[in-house]
């Protein structure tokens with residue numbers, strides 16, 4: 001990746017983008033700094049979206065100093081929801097939370113046209129920003145050129161700002177650095193959520209784009225401190241669904257330069273974060289939510305609940321790090 005020649009971005013972009021390139025004088029008006037939980041989607045026993053339990057979760061989350069909410073991200077099981085369900089969840093969240101809470105809605109689809117249509121509809125449903133995951137079904141053909149073309153088309157047609165989303169654990173595809181640098185010059189692409197955890201890569205992207213006001217969010221609480229240390233403006237953290245106050249405290253410590261305290265807190269969040277993401281996934285996240293007073297519940301098929309042994313292991317991880325009593 002790092003040995004690849006970067007696009008001559010300004011020359012390339014001038015022929016791609018419908019609107020003028022972002023410059024030092026045209027920094028984004030919208031800040032996406034802060035902590036965002038990528039909210040889970042509760043389901044009934046019949047695997048229908050439980051909007052009542054969603055509303056209850058949101059009322060509790062509004063007591064935390066989150067900057068906003070990511071709706072229909074990976075933790076929202078968006079891949080298992082219908083088009084109308086995806087839009088209705090956005091509408092319900094917008095209605096339930098204060099206007100100052102930013103709604104970042106996942107509008108990514110596999111085709112460019114479908115992504116544009118979903119983006120427009122999500123904006124109409126109340127999204128302030130859209131989070132667009134990399135298309136990946138034909139990942140072997142998802143070159144930098146293909147991805148720049150895709151995101152440029154989406155951003156040109158989006159009525160709200162666009163945040164790029166790289167999540168290689170789910171897509172098998174890292175949004176290339178050269179593509180990010182090129183796309184950072186589009187006036188309607190304001191940032192990147194990077195869930196890969198490669199701090200060298202994140203630092204390089206920030207170094208190459210910060211003069212444009214491009215904003216990078218860490219995609220996990222597991223490397224939130226590291227992200228802040230290289231210039232990230234915040235994080236989209238699954239663990240914030242469970243330990244919202246603690247993740248926000250870590251943000252505060254980092255922003256205030258209290259690095260020793262931040263390091264100690266970060267250490268206690270690493271294992272729980274890994275447990276509710278890569279190790280046990282959304283079933284683990286929802287189980288932990290239940291323990292901490294939120295509505296997690298079951299997942300939509302084909303995701304299965306944790307086994308009894310997995311539940312014991314998950315609880316042990318939270319216990320040894322001081323978040324649950326034994």
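Just so it is clear, glycine is given a Cβ too, placed from its N, Cα and C backbone atoms.
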Q. According to Swiss-Prot, 74, 75, 195 bind substrate; which of 52, 172, 219 is also listed for that site?
A. 219
Q: Taking only the Cα atoms, work out how far residue 74 (substrate binding site) lies from residue 193 (active site, schiff-base intermediate with substrate), in Å, as a whole number.
A: 12
Q. Given residue 219 (substrate binding site) and residue 193 (active site, schiff-base intermediate with substrate), what distance in Å do their CA atoms have, once rounded to a whole number?
A. 6
Q. Which state, by DSSP, holds residue 75 (substrate binding site): helix, strand or coil?
A. helix
(Q) By a 10 A CB contact count over all chains shown, which of the binding-site residues listed here is most packed: 75, 195, 219? (A) 219
Q: Would you pick out, from the recorded positions 74, 193, the residue whose Cβ has the largest number of other Cβ atoms within 10 Å?
A: 193
